[in-house]
Every structure is written in structure tokens, then in C-alpha cells.
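Under the heading domain '4Fe-4S ferredoxin-type', TrEMBL lists A:319-350, A:383-413. Positions annotated as transmembrane segment by TrEMBL: A:6-21, A:64-89, A:109-134, A:155-173, A:222-240.
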Amino acid sequence: MEIVQQFFFIAALAVTAWYITKRVQLISRAIKLGRPENRFDHANERLKTMLLVAFGQKKMFTNWLVGLMHFVIYAGFLIINLEILEIILDGVLGTHRLFAPYITSIYPFLINTFEILAFGVLAVCVVFLCRRFVAKVSRFQPERHREMTRWPRTDAAIILIAEILLMIAFLTWNASDSVLRDRGVGHYVHLQGIVPDFVISQFLKPLFAGFSDIGLIAYERIAWWAHILGIMAFAVYVTYSKHLHIALGFPNVYFSDLQPKGEMQNMPEITKEVQLALGLPTTTAADGSQTNDNGLQPGVDSPAEVGRFGAKDVQDLKWINLMNAYSCTECGRCTAACPANITGKKLSPRKIMMDTRDRLEEIQQGWKVNGFDYKDSKSLLNDYITAEELNACTTCQACINACPININPLDIILQLRRYRVMEESQAPASWNAMFSNIENNMAPWKFSPSDRFNWAEQVNQ
Amino acid sequence: MFTNSTTLQLFKMTTETNYKVPTMADMTAAGEEPEILFWVGCAGSFDDRYKRVTIAFVRILNHVGIKFAVLGQEEACTGDPARRAGNEFLFQMQAVSNIQVLNGYNVKKIVTACPHCFNTLKNEYPELGGNYDVVHHSQFLQELINQGRIKVKDGQPFKGRRITFHDSCYLGRANKVYEAPRDVLAALDADLVEMKRSKANGLCCGAGGGQYFKEPEPGKKDVNVERVEEALGTGADTIAVACPFCMTMMSDGVKNKNKEDSVRVFDISELIAQAEGL
């Protein structure tokens with residue numbers, strides 16, 4: 001019996017590891033579709049940002065109560081994982097509470113900590129379900145946000161309910177285990193006097209008072225297996241879900257933008273054309289670093305074929321934009337802060353990120369069927385994101401500011417705009433008028449440049 | 001590309017007051033160098049409402065005795081609206097030309113009353129070869145106040161008045177300048193009230209990213225109306241701004257709410273100039 005359980009456990013572990021490895025490879029291949037950009041500079045500043053924003057959850061505390069609740073789940077996730085180590089070793093070795101006899105003095109403290117956190121996670125998940133489905137916090141509602149229908153809504157519910165079930169399994173497992181210990185049944189007797197009752201699960205013991213010994217052992221085993229298999233299944237599920245932020249949130253913050261939010265990235269390939277147009281020597285720019293930023297070798301002249309100007313599809317974006325998309329957990333703080341969205345325009349920064357990810361997942365599906373060279377005829381622009389959405393953006397950066405993990409939806413919007421204007425000449429008519437005014441009058445309005453200094457005549461009036 | 005501004009007077013002045021607006025060309029011709037270049041911007045040059053801000057700021061510069069210059073007809077759009085709308089080529093044409101002019105005059109320090117020009121000159125010109133020390137006029141005024149060079153006298157017209165400050169995205173979130181304009185307003189000894197969405201969480205006026213130059217997309221409300229409703233909610237009789245586009249959007253919003261008789265929109269430099277009697 002013991003051997004069968006061990007065999008089954010190791011098999012489950014292997015299948016989980018194989019699945020996750022496969023998913024990680026696919027996702028990392030998808031992210032690497034993006035254009036190269038050096039984000040390995042300024043290690044100290046990046047590390048500091050990651051410690052504050054990712055580990056410290058700094059931006060979550062904008063709303064301190066929600067921040068605190070999220071922190072409970074986050075801390076629970078990090079710390080309860082220590083208990084997973086014992087559970088996995090027990091599963092592989094066929095032992096029961098392997099660590100208890102060796103660290104008897106701190107074992108109760110550790111499990112009590114896990115139980116308190118588990119109870120906290122459970123309670124917060126219930127509150128979060130209520131916020132989403134009962135109190136109907138606006139940013140989650142499909143009636144208000146068209147990107148929040150069907151799968152995103154189901155995904156959110158699955159995650160919260162799964163976490164609640166996992167915590168229930170963990171706590172009732174401890175409770176049934178305690179009762180078995182009290183009764184001195186089978187091998188459970190060995191830990192009598194070594195492992196005491198635990199802080200939360202002691203209150204659940206009465207639930208099991210009426211169970212027969214066999215029934216109790218069955219429950220203990222089922223709860224133990226449900227908990228660990230649930231965790232394995234959840235780990236695989238996360239790679240398909242918005243919940244991937246629990247892993248990618250950290251690198252995503254590490255690699256996030258360091259420059260001022262208002263700074264738009266330069267296009268060195270355009271600089272060359274501009275210098276030619278103005279009859280200037282086509283030197284590399286004063287600050288040679290931007291050639292590196294774009295992955296071009298310094299000293300190598302303009303690349304033989306300049307790619308697209310701006311972005312039409314995910315391959316034209318930078319890899320960090322694509323990592324942003326996989327890191328987004330669809331909380332919608334960006335959209336709730338977006339002036340266009342607040343006033344009823346179609347633009348939603350969250351949808352920009354979700355569209356980018358959906359497009360990447362679509363490409364992945366194509367790979368599975370047709371191999372990695374496969375290219376379909378769809379694109380992020382038009383098939384997912386429309387001109388109406390792009391044109392509504394005020395570039396106010398409220399979305400970037402709002403994101404708890406420093407995702408930048410604006411960067412994607414601006415790259416798509418560049419493609420529309422420079423490759424397709426698809427700017428709104430009044431923007432074309434503004435362009436021609438700047439070109440001819442050196443101002444976005446139709447004033448004569450020779451009148452530019454006329455204001456000075458009024459300075460003494 | 002640019003014509004020499006030889007036809008311009010050396011100093012524009014009248015007899016009764018003595019405010020001067022020297023140009024870079026004239027100053028260079030006279031063998032002089034200004035402490036700072038005042039980058040006026042397109043709105044400051046052409047928009048009737050914002051010209052009054054330009055004039056207020058120039059009067060303050062004169063009053064304090066700062067040795068400044070402007071580019072006059074040699075100034076051109078920084079290219080910001082073109083870049084944000086997606087026209088990188090046009091932006092860089094503007095930027096590279098402007099940088100040639102600025103570097104030609106060996107300009108080192110620039111002050112501007114436009115957050116969009118400020119952001120572009122400060123953050124986006126360096127990569128194209130234009131490296132200057134760029135400050136926004138709110139920072140410049142804050143420095144003058146801190147140095148005691150601007151002293152708002154007692155009993156001035158703003159004492160006890162209720163003012164709310166609307167953060168410009170390209171000054172605030174883009175470059176984290178939140179305190180300078182507030183410090184300037186604090187010098188007026190007015191009652192400064194904050195809107196719920198302020199500083200890093202400030203709501204855009206709706207003009208950025210090229211929106212100023214086109215009709216908004218279909219929606220249920222205009223952004224400036226949403227913002228003005230919030231500003232009116234503070235009970236302020238003065239909405240202070242520090243950006244030409246915010247100025248227009250907020251003024252239009254106030255008109256939309258039929259409050260133009262009771263609520264006024266002013267740039268921070270206008271308020272200082274008024275307090276100083278300039």
C-alpha cells in the first residue's frame with residue numbers, strides 16, 4: 001500500500017514537472033518573439049525596485065486595506081510553501097511528518113504559522129470573491145468592461161475557489177491527523193506527545209469526532225492527497241492563467257522601465273533618415289548607448305533592412321512588452337485610472353495587455369499544430385486592438401502609475417500608433433492637418449512662423 | 001531653414017514700462033550670453049490666452065532682473081504632438097533642427113512654461129544630441145521664491161482665496177514635479193485645496209498625446225468636463241494650472257459647466273504676477 005502511494009506520488013510529481021517545463025519553454029519562446037532590448041543594465045536600481053515593488057508590494061498599499069489583504073495571500077503563498085517541502089518528502093519517502101521528530105521544538109511554531117496564514121488566505125479569498133461577485137467592484141464587472149466577460153471572469157473565480165479549497169484541505173488534514181493521533185491509531189501513535197494540536201485546526205477537531213477510525217484515516221489520506229495534487233494541478237493551471245503574475249511579477253518589476261514615464265523611446269533608424277533629409281552627416285547619435293538599447297552592434301551602419309516602423313504585431317514589440325502581457329493579472333487598476341476609459345471611450349489599458357497575451361497564446365497554438373516557423377495572417381493591430389482604442393489615448397501615464405507591478409501599456413499603444421502613422425498613413429484627418437502645420441509653420445496650428453514673436457509687442461501693454 | 005531675425009528690434013519696449021524681451025540672436029550679436037533661455041513654445045507664442053502667461057512670466061523675469069533671452073522667430077515646435085501621435089519622422093525633423101539652433105547658440109539652461117516642451121527638451125533631446133539643463137517655470141519660480149527674489153507682499157489679493165491646482169501629466173507623473181507649483185501657490189498665502197485625484201494620481205485634462213488636435217473618440221463624457229467637475233467639487237474659485245493645454249481644457253470645462261463668472265483658470269505665473277502687481 002505504502003509503495004503504491006509512493007509510486008503514484010512520484011509519477012504525479014514527474015507529470016507536473018514535465019508539464020510546467022513545457023509551458024515555461026513555450027512562454028519563454030513567446031516572450032522572445034519580441035525585439036531585443038537591453039534591460040540588464042543598472043542592476044542596483046533594478047534590484048531595489050524589485051525589492052520595494054515586487055517583494056515589498058509597495059504599490060499595492062495605495063489602498064492600504066486591499067494592500068493588506070493581498071499581502072496576506074502573498075505571504076501565505078511564500079511561507080506555506082515551506083510546508084510543501086515536508087509534504088513532498090513525505091510523499092516520496094512514504095513518511096509521515098518527516099521533520100517533526102527532528103525539529104520538535106520549533107515544529108509546532110512552524111505549523112501554527114502556516115495555519116494562521118492558511119486561515120488568513122482563506123478569509124481573504126472569500127472577501128475577494130465577495131468584492132468581485134457580490135459587492136461588484138466596478139473594475140471587475142463585465143457590464144462595465146467588455147474584456148472582463150467569459151474566461152477572465154471564470155479564471156478569477158477558479159483561482160479564488162481553488163485557493164479556498166486548498167486551504168480547507170490543509171486545515172482539515174491537520175485536524176483529522178490530530179484526532180488520529182489522540183486515538184493512537186496505527187502509525188499515527190508515533191507522533192503522540194511529539195506533535196501537539198495546532199492553533200486553528202484544533203477547533204475543527206469536533207467535526208471528526210463521529211468518524212470511525214477507518215473513516216478518519218480515509219479522510220486524512222484524501223485531504224492530504226487533495227491538498228498536494230491540488231497544488232500540483234494549480235501550478236500547471238497558473239501557466240495558462242492570469243495568475244502567472246505570482247511568478248512573473250518579480251522579473252517583470254526587475255526589468256521594468258527606469259527612465260521618466262514621459263520619455264518616449266527613440267527610433268535611431270529614423271534619426272539616420274532625418275540627418276540625410278537635413279543634409280547633416282549621418283553620425284551615430286551623441287550618446288551611442290541607444291544603438292545598444294536596440295540590439296544593434298555599435299559601429300555597424302544602418303541595418304541592411306530596417307524592420308517595420310512601429311509595431312503591427314507582437315513580433316514588432318519589445319520582449320519586455322510581451323513579458324508585461326504574461327505578467328498582467330487583469331486587476332484593472334490601469335483601466336480604472338485611464339481618463340479615456342473613465343469617460344466611456346473604448347480604450348482600456350488592461351485590454352491592451354490582455355489582447356497582447358491572447359495574440360501570443362494564439363501564435364503558440366499555431367506552433368503546436370504547424371511547427372515553430374508557422375505564421376498566420378492575423379495581427380495584434382486590427383484583429384485585436386482597433387484604431388479607435390489607440391487614438392483615444394492621452395498618453396497621461398496614469399495606467400503605468402497605477403500598475404502594482406510596473407506594466408507599461410502606453411508603450412504598446414505608442415508603438416502601434418507609430419505603425420499606423422508611418423507605415424499606413426492612417427492618422428485621423430485632423431492629426432494630418434496638425435502634422436502639416438508643424439512641417440510648414442513650425443507650430444501645430446496654421447499661423448505664419450513670422451508671427452511667432454508678435455506676442456512680445458504686447459508685453460508692455 | 002531659419003531666417004536671421006535681423007529685422008527684429010534689439011529690445012521691445014515702450015516708454016511707460018520697461019519690460020524687455022531680448023532674443024538670442026541679438027544677445028549673441030552684442031557679445032552677451034543669457035543666464036537662461038526662455039523657451040516660449042507654440043501655445044505661448046500663438047494662443048491668445050497663453051500669450052498672457054508668456055507675458056506674465058516675462059514680466060516676472062524682468063522684475064527680478066534675470067538675464068534671459070528667447071529664440072523669437074527661430075523657435076519651432078519641439079515635435080511633441082507629432083511624436084505622440086506616431087509621426088516619429090516629423091518629430092525628429094523638428095528635434096534635430098531645434099538642437100542645431102540651440103547648440104549653435106551654445107545654450108546651457110532652458111526654462112519653459114509648457115510641460116510638453118519641458119518633457120521633450122529634458123528627456124528626449126539628449127539622445128539626439130541636445131543636452132541642456134531644462135527646468136519648468138514652476139521650478140524656476142519656486143527657486144526665485146526660495147531665494148527671496150520674489151516676495152509676495154502682505155495683503156495681496158489671494159490671501160484666504162480658495163485655489164486648487166490641476167497637475168499636468170507631463171509635469172507630474174512624467175517628471176515627478178509635484179511640489180514646485182504647490183510651493184509657488186503656497187507663497188500666495190491662499191487656501192490651497194487638493195482634488196481627490198492629485199499628484200501621481202492626477203486625472204489628465206484630456207489634451208495629451210495629440211488629443212488636443214482632434215475630436216475625442218465617442219464616449220459618454222469629455223475628459224475635461226470630468227476633471228472640471230472634480231475641481232469645482234473642491235469649492236475653489238481659482239483653478240491653477242501650469243500647462244497651456246490644461247489651461248484651454250480646464251477653461252472650456254468651466255464654460256461647459258456655466259461657471260465662468262465664478263471660477264477662473266490661471267497659470268501659476270499669472271497669479272504671481274498679479275500678486276506682484278506686474
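Glycine is treated like the rest: Cβ placed from N, Cα and C.
Per-residue pLDDT, averaged over the domain '4Fe-4S ferredoxin-type' (A:319-350), rounds to 97. For the domain '4Fe-4S ferredoxin-type' (A:319-350), the DSSP counts in helix, strand and coil order read 20 helix, 0 strand, 12 coil.
Residues of the same chain lying 6 or more positions beyond the ends of the transmembrane segment (A:109-134) and with a Cβ under 8 Å from any Cβ of it are 69-70, 72-73, 75-77, 79-80, 82-83, 103, 140, 156-157, 160-161, 163-164, 167-168, 170-171, 174, 195, 198-201.
Counting only same-chain residues 6+ beyond the ends of the domain '4Fe-4S ferredoxin-type' (A:319-350), those with a CB under 8 A from a CB of the stretch are 27, 30-37, 39, 138-140, 145-148, 152, 155-156, 242-245, 248-249, 251-252, 255-256, 356-357, 360, 386, 388-390, 392-394, 396, 398-405, 407-413, 415. Using a Cβ-Cβ cut-off under 8 Å and counting only residues 6 or more beyond its ends in the same chain, the transmembrane segment (A:222-240) has close neighbours at 9, 12-13, 16, 19-20, 23-24, 27, 84, 87-88, 91, 158, 162-163, 165-166, 169-170, 172-173, 176, 246-247.
Across the domain '4Fe-4S ferredoxin-type' (A:383-413), DSSP helix (H, G, I), strand (E, B) and coil residues number 16 helix, 1 strand, 14 coil. Through the fold, the domain '4Fe-4S ferredoxin-type' (A:383-413) approaches residues 49, 53-54, 57, 59-60, 245, 249, 252-253, 256-257, 261-262, 265, 311, 317-318, 320-321, 324, 327-328, 331, 333-340, 345-353, 355-356, 358-359, 420, 426, 428 of its own chain, all at least 6 residues removed from its boundaries and within a Cβ separation under 8 Å.
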